DNA sequence: CCTATCACCTGCAGGC
DNA sequence: TGCCTGCAGGTGATAG
């Protein structure tokens, strides 16, 4: 589910709900979601730790524990819930429980079990953790410039959409916002990236940040119907121009939004407004 | 090194 | 109703 705006929403919501809480105990119910270290070490090392601050890089959540860093990725369907320990929950899909000393629990819910957690000794450079080995600069990292994007992208034999989705170049854009960015650029998602000119990369970065920050301000996006008053999952409403709008009128020209498959991902665009170069 | 494809999981919508 | 297929907002490993 989560792209950068949804992860940002989750981070800020957890920060507000949990604050500087101290961990009392940890229970892992689906061992595979823990990448490193082994389950016992993971639980033992978390016990007694206090969450100092909440952050993210791309779509990765970063829980700063002072001398350790807990890194989480929700992949497709992960959600976090903050509830009282006595509150009932969905045992079938909750795979990690972190009980706090104040009686609240952080519960990780994930129907497809794709999400992952990793715990490391704290490092100075937040990009240096093995879990972020394939993660490039965050879309809002100030070191990310149009020139940097140009250098990273223009020689690749891939399409515009694939370039936007490549987390190793720029971290945070997923399938929804990649479509929305292509629409904002008035470019066909299958445009070969080497056709873009240097000037285009300025627009690309501006529009990417405009769309991501707008979505984050709205609290993230939802497509499929989902309701949860207690969930911390970033699923709220936001107007999308083309994504998941097959057959609907383009907001610009009223032409019909088309759906294609690009690099195995469902891709939506307006054939009239978004031309290949 | 680069790109394409598969694997990881479960649930749900749509066709028959 | 039941079965089957395809599809879902992601990413790491593996095969060319």
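Here, residue 1 is simply the first one shown, and the rest follow in order.
Just so it is clear, glycine is given a Cβ too, placed from its N, Cα and C backbone atoms.
What TrEMBL says about a protein is an automatic prediction, not a curated fact.
As recorded in TrEMBL, the features of this protein are as follows:
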- A:2: active site, schiff-base intermediate with DNA (ACT_SITE)
- A:2-115: domain 'Formamidopyrimidine-DNA glycosylase catalytic' (DOMAIN)
- A:93, A:112, A:156: DNA binding site (BINDING)
- A:241-275: domain 'FPG-type' (DOMAIN)
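Locations of recorded TrEMBL features on the structure.
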{"residue": "A:93", "record": "DNA binding site", "contacts (Cβ under 8 Å, 6+ apart)": "A:109, A:110, A:111"}
{"residue": "A:112", "record": "DNA binding site", "contacts (Cβ under 8 Å, 6+ apart)": "A:75, A:76, A:77"}
{"residue": "A:156", "record": "DNA binding site", "contacts (Cβ under 8 Å, 6+ apart)": "A:163, A:193, A:194"}
For the domain 'FPG-type' (A:241-275), distant same-chain residues with Cβ under 8 A (at least six beyond the ends): 159, 161-162, 165, 175-177, 179-180, 182-190, 223
Binding residues A:93, A:112, A:156 (DNA) - maximum C-alpha distance in whole Å: 40
Helix, strand and coil totals (DSSP H, G, I; E, B; other) for the domain 'FPG-type' (A:241-275): 0 helix, 13 strand, 22 coil
Other C-beta atoms that fall within 10 angstroms of the C-beta of the residue listed as 'active site, schiff-base intermediate with DNA': 26
Secondary structure content, the domain 'Formamidopyrimidine-DNA glycosylase catalytic' (A:2-115) (per DSSP, counts of residues): 26 helix, 46 strand, 42 coil
In three-state DSSP terms, the structure that residue A:156 (DNA binding site) belongs to: coil
Whole-number mean of pLDDT values that fall within the domain 'FPG-type' (A:241-275): 95
